[in-house]
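Shown next, in structure tokens, is the structure this report addresses.
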Amino acid sequence: MKVLVVVALLVTLISYSSSEGIDDPEADELLSLMANEQTRKECIPKHHECTSNKHGCCRGNFFKYKCQCTTVVTQDGEQTERCFCGTPPHHKAAELVVGFGKKIFG
């Protein structure tokens, strides 16, 4: 039984090592970098409107920005919702503490 398991493991390793996925690891890395760059271009920057895409805010220094919404009343009395990407208060406090700690401890 042990011999069968070892032989199966060896066959799996040999077939895996001969596959094309391992031949070019630099291409896989390049593709992942390109995908990350594309994601960065598509995200919504801080203080920009995110009403139509509430989960598309970019990442800040430490945290991802959150889509914060408010209700706006026009002169006609119509209520509409407007949203923007921003830093929530508890994230601002955490960034302040981390920044203060960096100044003190180097």
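Cβ from N, Cα, C; glycine included.
Swiss-Prot lists a disulfide bond between Cys43 and one candidate from Cys58, Cys67; that candidate is Cys58. Reviewing Cys69, Cys85, the cysteine that Swiss-Prot connects to Cys83 via a disulfide bond turns out to be Cys69. For the disulfide-bonded residues Cys43, Cys58, Cys67, Cys69, Cys85, the ranking by surrounding Cβ atoms (within 10 Å, all protein chains) places Cys85 first. Here the Cα atom of Cys43 (disulfide bond) is found 10 Å from that of Cys85 (disulfide bond). Of all the disulfide-bonded residues given, namely Cys69, Cys83, Cys85, those whose Cα is no farther than the 10 Å limit from the Cα of Cys58 (disulfide bond) are Cys85.
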